[in-house]
Amino acid sequence: MPGIEKLPLEETLEDSPQTRSLLGVFEEDTTAISNYCTQLYQAMQRIYDAQNELSAATHLTSRLLKEYDKQRFPLGGDDEVMSSTLQQFSKVIDELSSCHAVLSTQLADAMMFPVTQFKERDLKEILTLKEVFQIASDDQDAAINRYSRLSKRKDNDKVRAEVVEDVYTSRKKQHQTMMHYFCALNTLQYKKKTALLEPLLGYMQAQISFFKLGSENLTQQWEDFLGTIGTSVQNVRREMEQELGQMQQTIQEMESSCDPLYAPCDPDPAHSPVCRNLTRKQGYLYIRNKTGLVSSSWERQYFFTQGGNLMHQSRGEVAGGLVTDLDNCSVMAIDSDDRRFCFQVTSFDGKKVVTLQAESRKDCEEWIATINNISRRIYLSENAEELAARVNQTALEAVTPSPSFQQRHESLRPSSKGRTGRTSSISSVGSEPSPALSVLSLDALVAPDTPIQFDIISPVTEENSGQSKTAAQPGRRSNPFGESGNNSPEDSEDSILHQLFIVRFLGSMEVKTAESADVISETMRQILAARAIHNIFRMTESHLLVTCDCLKLIDPQTQVTRLRFPLSSIVQSSSHQDNKRLFGFVLQAAGGRGDTRVVCYIFESNNDGEKICDSIGLARQIAFHSEMDRKAVEKKKEQDKAKEKQLEELNKQRQIEKDLEEQSLLIAASTRPANPAAPDGQFLVLSSSQSEESDVGEEGKKRAWQ
């Protein structure tokens, strides 16, 4: 017998659309078998009814032939030959009637009973299991929907436990019902053959037994043929019993092994660790669909990766549809107001954003790791999973977190409680170190045991302290997050360069040197590797404002300045060689103990890394020329002040000389007789003030002579 298609019991727990599509094919086949079996049953019922009618008619004929002697015909006479002949016929027909009665009994047992059992028992059992499976599937969907709608803000342990128990019970019931339903459908593929062959075999055997007195050759020929059919039926029956035993054993093993998988979240995360080497993944996720300007809805669909694409497929669909292209995309875990375990996939050009929800944290992390591996195009290699494992192992060896990370991390926080931003996801495209870095020791670029900061934390500076004092003044509302609500109009409004970019903070770390061209690429590599190892997939999105005075990280919602980087402290900036969305800059600032700290900041943009670096370079050039102009203006002002000072000194000297001359005249006048007569006969009278000035002038003159 040819191979029989069957439903895989191992895929009942996953319940993928492919399995549902295959189930639909089996259900259509079952419907076709049911319709055909109904028609065949009606035809065989007519044969059986006809045989019963033939047996009754034959018996009636035999009885009428026996009663021929009792008939009185008006024109007929006694005909003993005719009577004896009819009596003989009646005996033969009576024997034939007995044979027909036996044939009817054999048809009822060998032909009608198997087809009736198949129609009334097997097919009805399939229909009953189908209804039970549909009810269990609907109950599971309802339980999962209730579980997914658990409020993140109002976390009630009792309600969550009831919902988890409901999900466990409904999923277990749906899985068990689906396995038994699949088992019944697989068994039906064998039973439909026996249900067709056994009635025919019984029918032919009954006919042969009925015509046993016929031709021996014909009988022997039919017996050989029916013997072959009977052997085949027995083989199919033995194969069905063997397959049924294996399916029952598989059901028992899966019921015992899949019991922990019924719960939506794994109670023991160590028992099932997150696999980060996947390049293909499939499963059910919730996708957020916008229904209005501010409203949205969640829809549960089956998602799977196909090459570099993310596909989705609803139940009942034959093929899946494209969601987004995963090449060079970025993925991040996000905090949703009404859902848990959410992550967001952004296309390489930033134009398409897809928000998805997983069933558990483990599932969410595996989806993020898989999409990151696909974004790196690891799936194009021959041994994709081995390459992914090697990349993750290399990242693990490249970065080892410092034991004092938490202490140094806390030391970077300002005295006032700063507002900690969300951590971002890693870039989708990994980078390999440059050839220079393969020769250059990492210690020459990055200090040993250097902690990596994944949060946006403002460093302790005098500017922040001044802002805190200003914020605490009466009449102004104090910002509890330690952020500056002042956008520095002097810096922004007077600047001739204003460029705004959307960026996501990946991390920062202290480096040894600020002049090396490879320090930014090496910092990118270590930060991306650390994010992949330590499972940091969330990020903080900000607006980067580039002006001629500074760089500002601004909160896009509140327009509050999170960080301010003076342009004079930025030593260099560059983008990633392969992934143009990554860029960074090196900041050189004074430390708390009077020393100089060099910190490298890494960001991810919407494919604008080179443009941002060019904008920073332009701002530095403008700032340099502005500084030169300012120094020239200040130098000119100093020269003008020096000239004014010299002129003032000269005027003072002249005034002193004039005063001395006047004092000399007064002294000379004081030596003359008192009140001498004027030429016109009048007397000259000196006022008291003139007398005092003359005295002072004389004393000053004596001091000058001395």
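Cβ atoms are placed via backbone N, Cα and C, with glycine included.
Copied over from TrEMBL:
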- 413-423: compositional bias 'Polar residues' (COMPBIAS)
- 424-435: compositional bias 'Low complexity' (COMPBIAS)
- 461-471: compositional bias 'Polar residues' (COMPBIAS)
- 278-376: domain 'PH' (DOMAIN)
- 501-636: domain 'PID' (DOMAIN)
- 398-435: region 'Disordered' (REGION)
- 457-493: region 'Disordered' (REGION)
- 667-706: region 'Disordered' (REGION)
So, by DSSP, how many helix, strand and coil residues make up the domain 'PH' (278-376)?
15 helix, 45 strand, 39 coil
Residues of the domain 'PID' (501-636) by DSSP state, where helix covers H, G and I:
46 helix, 54 strand, 36 coil
Roughly where does the domain 'PID' (501-636) sit in mean pLDDT, to the nearest integer?
83
